[in-house]
Every structure is written in structure tokens, then in C-alpha cells.
Amino acid sequence: MAASTYFLLVAFLALVTSHAIASDPSPLQDFCVADKDSPVKVNGFVCKDPMAVNADDFFKAAKLDQPRDTTSKVGSNVTLINVLQLPGLNTLGISLARIDYAPLGQNPPHTHPRATEILTVLEGTLYVGFVTSNQADKSNKLFAKVLNKGDVFVFPQGLIHFQFNPVPDKPAVALAALSSQNPGAITIANAVFGSKPPISNDVLAKAFQVQKGTIDWLQAQFWENNHN
């Protein structure tokens, strides 16, 4: 009996611990600048020798004050500053993005598998929202709002969300902070219809309850990535 109780206790502690560390690791020192040239593979990046670290490891001349090209098919441009662009972000659990929207442009439905996002409108107007995961009543609830300059909206981690500029003659700009050094992005349409190799049209036709020809047409489109 004692042995089985001990086993259950250990299993419980392992479960609790796994949930406690199921996000970006907390820093155990002042900083851990990413050494992207290291051959060692870890969850994240190996720390650069602290004696070799300098101020440039924490700096990027990102020119986030300058407008971006929004001539993509979706009419938006996401400029992401994460650990891949700024090594000093390693282990700090934060990143940043500037998002430019053409008139009637959008940042299409997508998710960030590793981060919550908080978005601030710097210029213009945005219609934004997110959809919940499958609920007990088998529904997916939409939470949406029209934002104006200075407004803030939060998108919970992992949930599908979007932003759309409803104004036909004025661009919009937003700044987003994300709770991961490498939040990731899954653009829903790109992932479903533009995967390589493609998902079987039998699967997608059944899932979307349409004809296979419709799926074939969607998969033949060029699914552009608006993240830079």
C-alpha cells in the first residue's frame, strides 16, 4: 500500500510540474542571450558566453516607426521582433510586432500556439475578435470589438483571432506584445489549404461539407504569408 501511495504521489508531482513548466522557461540569471550558432539543440537557444555579450545583443534598429508595404493579398504586413531577430529576448518570454493594414486589409484568422497577445491600435480603426475553443454546448463563441486609436484588446493564447481594417480609404497601424520569445503563428487558411504536401481533398471536403472541386480550387491558390 505504501509503495502504491508513493507511486501516485510521484505521478501527481510529475503532472503538476509538467504544467508548471509548459511555457517559456523562466530565466535563472540576468540574461541568456541566444547563441544561434551553437550546435547544441535545446528547447529554445543555448546561452551565449556572458563575457562575449554586448549591448548590440539587446538592440535592433527595427525602424518600427516606418510604414510597411501592405500590397499583399490580405492587405497587411506583420513585422515581428522575436528571439530570431533579437537574441537578447532568449528566456525572457516576450516579443513584439508592428502590424500595418491597408484600407480594407486584414490580418487573417490565425493562432499563436505559444503566446497570449495584447494589441494596441496606434492609427486608424480595427474590427478584431477571437473565437473560443469547442464549448460544452458544442458552440464556438465569437468575442469581437471595433477598436479606435489608443484602444487595447487581448487575444488568449492558442485561440483563433483576427484583425480587419473596415475603413475603405485609410490605413491602420497596431502594435502587439506577445508572451513568448517565439510565439509562432498558424494562419488557418494557409495551414489547411496550403500545406506541403497538401491535405487529402477527401478529408477537407468532408470537414468543410463542400465538393472536392471546391477544395481543389482552394488548394490551387497562392497562400501568401504576411509575416516578415
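Don't overthink the numbers, they just go from 1 along the chain as shown.
Backbone N, Cα and C atoms are what each Cβ position is placed from, and that goes for glycine too.
Marked as signal peptide by TrEMBL: 1-22.
All protein chains included, CYS32 (disulfide bond) registers 22 other Cβ atoms within 10 Å of its own Cβ. Residues or ranges marked as disulfide bond by TrEMBL: CYS32-CYS47.
The domain 'Cupin type-1' annotation in TrEMBL covers 59-216.
Marked as oxalate binding site by TrEMBL: ASN107, HIS112, GLU117. Taking the Cβ of GLU117 (oxalate binding site) as reference, residues of its chain lying under 8 Å away and at least six apart in sequence are, in sequence order, VAL154, PHE155, HIS161, ALA176, ALA177, LEU178, SER179, PRO183.
The Mn(2+) binding site annotation in TrEMBL covers HIS110, HIS112, GLU117, HIS161.
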CB contacts for HIS110 (Mn(2+) binding site) [other CB atoms within 10 A, all chains]: 21
For ASN107 (oxalate binding site), nearby residues of its own chain (Cβ under 8 Å, 6 or more apart in sequence): VAL74, SER76, VAL78, ILE99, TYR101, PHE162, GLN163, PHE164, ASN226
Nearest-integer angstrom distance between the alpha carbons (Cα) of HIS110 (Mn(2+) binding site) and CYS32 (disulfide bond): 30
Length of the line joining the Cα atoms of CYS47 (disulfide bond) and HIS112 (oxalate binding site), in Å: 25
HIS112 (oxalate binding site), number of other Cβ atoms within 10 Å: 24
Neighbours of ASN107, HIS112, GLU117 excl. site residues, C-beta within 8 Å of centre, oxalate: ALA97, HIS110, THR111, ALA115, LEU119, PHE155, HIS161, ALA176, LEU178, PRO183, ALA185
